[in-house]
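A quick write-up on the structure given underneath.
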Amino acid sequence: MSGIDPKRFGKVAVLLGGESAERDVSLNSGRLVLQGLRDAGIDAHPFDPAQRPLAALKDEGFVRAFNALHGGYGENGQIQGALDFYGIRYTGSGVLGSALGLDKFRTKLVWQQTGIPTPPFETVMRGDDYAARAKDIVAKLGMPLFVKPASEGSSVAVEKVKSADALPAALEEAAKHDKIVIVEKSIEGGGEYTACIAADLDLPLIKIVPAGEFYDYHAKYIANDTQYLIPCGLDAAKEAEFKRIARRAFDVLGCTDWGRADFMLDAAGNPYFLEVNTAPGMTDHSLPPKAARAVGISYSELVVKVLSLTLD
């Protein structure tokens with residue numbers, strides 16, 4: 001697909017593992033990315049920042065990196081800043097886009113100011129009176145609700161709460177993972193979708209139909225009964241409109257090159273954007289490879305396309 005001489009990429013590090021709650025997902029993503037790059041003849045090597053100092057990248061002659069880290073310092077701008085310091089080109093968003101993209105609270109603030117529709121929400125701080133805040137939130141947002149740490153990915157510690165009595169405990173649990181907790185009105189009736197973004201590729205929307213209550217960690221990475229619908233069932237005009245909004249939702253955060261934007265539709269077909277992912281999963285359950293495969297792009301071709309953006 002790319003027609004690029006593999007030698008142009010030089011020595012490439014596939015960053016994988018790390019120390020976040022998503023370490024296992026990252027290891028799985030990274031191994032597949034590594035194989036995909038090697039299948040294309042690229043000189044790619046695994047590199048786990050949890051086990052080796054980043055300075056080794058420069059010392060060992062790496063000139064670019066494919067970032068397959070998920071969550072934590074791999075996705076919040078820290079790795080990106082370090083790679084900038086060492087002069088190593090890398091896939092995905094830079095410091096600002098990565099930091100904002102992982103922070104659901106500040107993502108939603110930017111979206112509210114730029115006209116991107118997002119579900120109504122409240123924030124709770126670690127150490128708040130959870131019972132009192134729960135009562136106030138239910139009065140404002142109603143039920144059901146989603147409770148999620150502000151800066152975790154892969155649906156880590158996300159809970160759908162359907163009764164007011166269960167909300168204080170959900171807040172307490174989420175606050176173990178982040179000092180800021182997002183409580184979001186659940187958008188019901190139209191289903192969940194994701195828009196995969198990869199440079200100039202026109203990838204189809206995917207409708208996600210989990211067997212359980214919502215698209216949680218188990219549904220994303222373990223279960224085999226989650227349905228991924230491509231085509232997504234929307235008419236062409238609506239799909240094009242939602243892809244355009246998704247791209248804008250990505251761009252206004254300062255995100256670049258590739259990622260995902262997730263959204264829900266209400267019963268009337270109105271979109272509500274939930275979050276972006278600037279370092280999306282690349283496992284055999286993950287969404288970008290599925291979207292690419294639907295338009296005839298192999299896994300290896302996709303990862304080479306993403307890596308090729310570091311040549312610009």
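Every residue gets a Cβ built from N, Cα and C, even glycine.
The domain 'ATP-grasp' annotation in Swiss-Prot covers 108-308 and is backed by sequence analysis.
Look at Swiss-Prot and you will find 138-193 tagged as ATP binding site. Packing around L145 (ATP binding site) is summarised by its Cβ count: 27 other Cβ atoms lie within 10 angstroms of its Cβ, all protein chains included.
Sequence-distant contacts of E275 (Mg(2+) 1 binding site), defined by Cβ-Cβ distance under 8 angstroms and a gap of at least six in the same chain, are G101, K104, T107, A261, D262. What Swiss-Prot lists as Mg(2+) 1 binding site is D262, E275, and the listing cites sequence analysis.
Look at Swiss-Prot and you will find E275, N277 tagged as Mg(2+) 2 binding site, backed by sequence analysis.
Residue pair L145 (ATP binding site) / N277 (Mg(2+) 2 binding site) shows a Cα separation of 21 Å. The two recorded residues, N277 (Mg(2+) 2 binding site) and E173 (ATP binding site), have Cα atoms 23 Å apart. The 10 Å shell around the Cβ of E159 (ATP binding site) contains 20 further Cβ atoms across the protein chains shown. Taking all protein chains in view, 26 other C-beta atoms sit within 10 angstroms of the C-beta of N277 (Mg(2+) 2 binding site).
Under 8 Å, Cβ to Cβ, and six or more positions away along its own chain, E173 (ATP binding site) finds V147, A157, E159.
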